[in-house]
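K.L.:
Sending over a structure as structure tokens; questions will come in a sec.
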Amino acid sequence: MAPMGIRLSPLGVAVFCLLGLGIIYHLYAGVISNRLSAFRQVKKVDLRELLAVSMEAAVLGGKEVKRVREENSLNEKSKGETREGAEELMTTGDLQSHRKMFNLLSNTFPDVKVHSEEHDNALDSVTWDKKIPAEILEKVKESTEVPADSITVWIDPLDATQEYTENLVKYVTTMVCVAVEGRPVIGVIHLPFTGLTAWGFVGQGSNVHARSSYTYNPPKVIVSRSHPGKVNKFIQDAFGNSTTIIRAGGAGYKVLSLLDIAASDSGPMDQADVYVHITFIKKWDICAGAALLKALGGHMTTLKGEDIDYSGTPLNKGGLVATIGENHKSIIEKLPNWDPEHANKSV
């Protein structure tokens, strides 16, 4: 309250307040600006480093997968059934591999979205030693940075779980895929029981190669062993009754069957010309293979030849066709009309 006889002018009070605010702004504008700038700054990730960590994650997960299998401590449980009526299993190998892979990637790149086939809240302090393998440095000469929020990482801690429980370990892989704006860019497929780690970085290089030649009249077609659906008739309608159909476990293994991969002690590697899947399939199963093929000039699309978006929901409803070389379009054109959405559950 003003002293008696003195009357405060509203205009004067307003001017005084504005002057005060001006002084405060002048004193703290720099601090506020810096904080806002830091808040707005886009966080970026070096894809070469992410490739190195993806390789390490796949190998770490693979060690857990192999250890559990050799100890015969699988403790398999059913997660339910696929649309085709095949049982989906989870083992201790799946879970332990997930913990290593998911936590290594999340601990190293906390701003990147990581999607895994398995779900578990257990934390693991596993960290990256910040060493990039020489084979990556040899092929990927420079760093490439992209916004962290443009990246989606898909991991499959144990591909071919059904075969894993049957001790058909040649089909088993651990996989990591990096997609940028929904496009597969980095793919890592690790074979725990042979030690092979295949990787590809689109536009940069790969440590594996396509075969020197492929046959398409008719092709050898590799399909799912545990989720075949009505694929036999589908393949024969497309390429004829003399077409060789190879049944195999694991989407990662099927992609490797298209490449020049040497045989191993765990069994000879199948060699196929085309990989076909006619029912629903999850993106953590196929993203790594899509990136690896793309890095080698190959293709993986839906049955209709559409690109698959590796962001958003995990389910790919369009089936898939994977090839190497320039024959992808002609292969797509030979396929009969098929809608995976309405595929019958009987096999």
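Placement of Cβ uses the backbone N, Cα and C atoms for every residue, glycine included.
Pulled the feature table from TrEMBL, pasting it below:
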BINDING   Glu117, Asp156, Leu158, Asp159, Asp285  Mg(2+) binding site
K.L.:
Fewest other C-beta atoms within 10 angstroms of its own C-beta: which of the binding-site residues Glu117, Asp156 fits that?
P.N.:
Glu117
K.L.:
With the Mg(2+) site defined by Glu117, Asp156, Leu158, Asp159, Asp285, which remaining residues of that chain have Cβ atoms positioned within 8 Å of the Cβ centroid?
P.N.:
Ile155, Pro157, Ala160, Thr161, Thr173, Thr174, Met175, Gly250, Ala251, Gly252, Lys282, Trp284
K.L.:
Indicate the candidate from Asp159, Asp285 with the smallest number of other Cβ atoms within 10 Å of its Cβ, considering only these binding-site residues.
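P.N.:
Each of the binding-site residues Asp159, Asp285 was scored by Cβ atoms within 10 Å; lowest is Asp285.
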K.L.:
Long-range neighbours only, meaning 6 or more apart in sequence with Cβ under 8 Å: which ones does Leu158 (Mg(2+) binding site) have?
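P.N.:
Long-range Cβ contacts: Gly61, Val65, Thr91, Gly93, Asp94, Ser97, Glu117, Tyr164, Val172, Thr174.
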